[in-house]
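Here is what TrEMBL says about this protein:
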type	residues	note
DOMAIN	74-194	domain 'MTTase N-terminal'
DOMAIN	218-472	domain 'Radical SAM core'
DOMAIN	475-550	domain 'TRAM'
REGION	16-43	region 'Disordered'
Amino acid sequence: MLPWRRALRAAGLLRSAAAADPRPGTSRRTRCGPGERPVGRGVALPAGPDLRQFLRGAAAGEPRPEPGPVPGTGKVYLETYGCQMNVNDTEIAWAILQKNGYARTKELDEADVILLVTCSVREKAEQAIWNRLRHLKALKARRQQARLPLRIGILGCMAERLKEEILHREKLVDIVAGPDAYRDLPRLLAVAESGQQAANVLLSLDETYADILPVQTSAGGTTAFVSIMRGCDNMCSYCIVPFTRGRERSRPIASILQEVQMLSDQGVKEVTLLGQNVNSFRDMSEVQFQSAAAPVLSRGFSTVYKAKPGGLRFAHLLDQVSRIDPEMRIRFTSPHPKDFPDEVLQLIQERHNICKQLHLPAQSGSTRVLEAMRRGYTREAYLELVHHVRESIPGVRLSSDFIAGFCGETEDDHQQTLSLLREVRYNVGFLFAYSMRQKTRAYHRLQDDVPADIKKRRLEELITVFREEAARANEAMVGQSQLVLVEGPSKRSASELCGRNDGNIKVIFPDAEIEDAAGCKALVRAQPGDYVLVKVTSASSQTLKGVPLCRTSLSRSAACH
């Protein structure tokens, strides 16, 4: 074997077709039929023209053909699991497939291709996919009996993490595509049409899908999500994201502004900027961007990597995005607490259309556990940042993430987390029991030594305290007027409307005729995408209820306050 092939195979970047789908009585060398050639990652495709044919064509002056898209056939059913990044990935994947001739269906029984966009952040998320595949196995068997082929694909983080197991378990899955391989979906599906399994899970150092405008799939079209960067460099010891989504890389600002402008033209009233570490955004796409200094980290925070000089940063992006449409709310998630320089906080405070709501994921209230998690801060530094944020942005609403039962967490550590919840009093929280993931530092260096029943009990206690404090925080808004972006009818009552306030808290109010603050005398009914001023009459830990006062605009409401 040539040295370069040996090196690629050792790195896992070159595999034979038989290695992906070994059959009894065959060797692990690629077995190609007549007119086929082996391709890395376990597929065989029809052979194209060889070098001699190419040279003959060039000598004869023939133009070189441009590579065209693989023609798509049939209907695609897409199903999304996990975080909002996966929703955005679904929109990217569909944009690629649509361009290549596929149609989309919302009916599972109509589908020729079923694609599951998956999550690997916790074991429970992966188990949901395995359960779903068991259901799809019966559907695929029925289709085979009727001679109606059905192709099933696994996309996203689980595809990257468990590619071998997915392909080999019961031979149910036809294609596997990691988060950086969606451009390859048409080819993978073409291979699957020939009856072979196909996979591409290679991570990229530069793929951001910047040139692909996602096909928005959110109902109503009132809100949308825009991915601005992918991957993460923080390497927290519990987190699988750097291993399933790769290193940090940011989209060029120009492509982000183009997408946000397009959404504004379509009437979208709220955009959330997305990234695994969204506020570490760093656009290095232009030479003139590369001389900028690295921003200062939040006080008392550190990283496992050296400071990265150069690039247009998150403050610049947030400034430019917020200028596109004064009637469009801007949010962003998920940030890391280390990346909140004063210029970002000042911009949030100054711009009426940047929501006064921040996600500050703490994960634990114990400095000892935070150190084991490699979070890069202490409890004291985190609380200092919270106080600084609240001083810089009066009335800001906070949300956070917490993990119960991390490796080595003692009862005292748990009590410190409960006390942090009480001291900060978050409006929104995302709380989970720890789930160890392979490849992470915790998997290799630490012991998952907190029993499941203790994790469960601690999680329940965290949820109880969070809800108590969130209810108190939300009750402080009773009697106040909140500007609500209407999303649509309430799920519980057709006579009520539902929306969210600036702090991203759900608000329910009657669907009644109201005045229009623009000055017209006729009464109106609020529609999705309208801003309505609502007086809050009651509150719980998750919801506000109130009465509508008038329909207004984001700019007019800001001027009145």
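Keep in mind that glycine also has a Cβ here, set from the backbone N, Cα and C atoms.
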Subject >> Three-state composition of the domain 'TRAM' (475-550), taking helix and strand from DSSP >> reply: 1 helix, 42 strand, 33 coil
Original post:
Averaged over the domain 'MTTase N-terminal' (74-194), what pLDDT does the prediction give?
Top reply: 92
Original post:
What counts of helix, strand and coil residues does DSSP assign across the domain 'MTTase N-terminal' (74-194)?
Top reply: 65 helix, 23 strand, 33 coil
